[in-house]
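First comes the structure, then the notes that go with it.
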């Protein structure tokens, strides 16, 4: 009987694991091999060049420029997104007017919850194209709005300005992600007993204080997860950048994923691109480990 | 029930994973694959069949589905089929040439004929340096299909083979003949009583008049500012002679720092300095900016002769699109005002490992016949590199002006190819420098320095194969 059950489990596990192995694990493993070659992706011939790709990587200022941008996203995206999402989520679940009985969200909370989630429903490609048009200097909604309310001076060529393009893309990333975390935090907040909030309310705690001293500590696990998710997203950021700016103007909004793609697809340097990929693999791993370590706190049991 | 523990399941899963991975790691490999023997289909070479095409060998054609569409290619394939009724032709068209075909190059089973074009074209430097392409010499030395007594090579417009030539060998056929210049609406200029300027001083004077009339004198393809490197290099070549372009193509030291390029960059940056560029242009992509131009918001734009078909849908009916050469910078320019950058573009290739390489070249020979070429011009409103093939075909206004301009330019025409030798140099490095120049972030001196820095970077990069032309 025991044996039969094993076999049963086994038969169901094999197909998905085989697919995973063929389409995920084996390309990963091959990337390590390719990163040691000078393969250019157009013929089956290649030579092993040892660590040459990696030393080249260290001296490639385009890679460093892209990494710098990733680093900024890595810091800014989680902070902005989590702070905004926490603010929205707590407004939606406990931010209602005090003075009335009980703890509730602001008026129309259900409506906002759906609206915040909208961007999550759209694919990255649609979000990218949408915002590209919003930022268009002459026909775009953003400049149209600014001109409409008389702020002509603030109308800018957004994506055409190397000082602004990167931040424009970052704003889109925050916009498109915040909704998911609002819902995530919201769900987590449902598990916080209402009595705690009510007690805080009776003690005369402000909304900001409640958020800081009750919600955040009790949500810490969820926030930690959000942080790791967003960090992984920040290290990638390929799709949105590729669609909105293609890294321009003049590499000012370049990210490492786009650099990898460009070296592989445009310059057909697959060996070098794989080396970037392998370097990123280790970087991502270390960041995940470090961020989990850094945010480790004592769990509060309810 | 206690047998199905969490640990038990995980152990089973791990074991299953290992078993599943092992064969996968052994078999599937991205780089390996068909180094197999690929024999080209070959028949005896005769006078009617100079390339030795095997008449029943299948032919696979992949067309870039871009501005020219794919109908012209189907017509050429029909001509092939007429000649070789037994041959089976497999036609497909895609906008993603690189993604679709790169694995097939690795696999050793590429198609017989590829229109390697568009933003996602396969990098030529990579293709040529890995011997992935067939040398087209047999095709060029074969007799033309319908120009009696001439080799294919001798039916082409001068300079047509240059962009496909790498270290003296022709690896790609650049079929569409493209003129690069400055575009405007003839009707608008006539209505306002303005004249296209022959010198740069006149251009600046006219820009003042245009601005006073409430129009923007210029716009440019903001997010792809390299479009503005074309008039700069053209003006510089006219000022100091086309040798400076040779130096750039061959990555000679300090080629970009030639005084003429600085003078030209300085002249064109004046457009930005004096506010003659449509506000916000730097944030527009090529479609957006060209549409602003088509709608008459800006008077001049730099582009190649694909502009007319690219803008077809948004061009107002009364618009009389016309091309003009760059204005002369000084009265002592080495080349006359009429000199224009003409080049063959739209590359077609026959992979070295094509099963029916001879068939692929034969299809090129059909394209290069007068019949094939004039059919292309009719269907796509674009000239071909076949001399005189457009005669008798009714052309739209823009293309009519292109033929006139090319005729006026005659043997004074010039060209450069560093962009196809080293894609990145134009598409990233010079592009970025142009972006900065036309948003007034840098001046002409810094512009040439930035371009030179980019060229030096390419020259130093040992992973990029270098080419020379003469």
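Any Cβ shown, glycine's included, is placed from N, Cα and C.
Annotations in TrEMBL come from automatic prediction, not curation.
TrEMBL lists transmembrane segment at one of the ranges A:44-65, A:110-131, namely A:110-131. Looking at A:71-89, A:90-108, the stretch flagged in TrEMBL as transmembrane segment turns out to be A:71-89. Between the listed ranges A:164-184, A:185-205, TrEMBL ties the annotation transmembrane segment to A:164-184.
Long-range contacts of the transmembrane segment (A:226-245) within the same chain, counting only residues at least 6 positions beyond its ends with a Cβ under 8 Å from a Cβ of the stretch, are 70, 73-74, 77-78, 81-82, 85, 124-125, 127-129, 131-132, 135, 159, 165-166, 168-169, 172-173, 176-177, 181, 184-185, 253-258, 260-261, 280, 283-284, 287-288, 291-292, 295. Remote same-chain partners of the transmembrane segment (A:110-131), defined as residues 6 or more beyond its termini with a Cβ less than 8 Å from a stretch Cβ, comprise 88, 92, 168, 172, 175-180, 182-183, 186, 239-240, 242-244.
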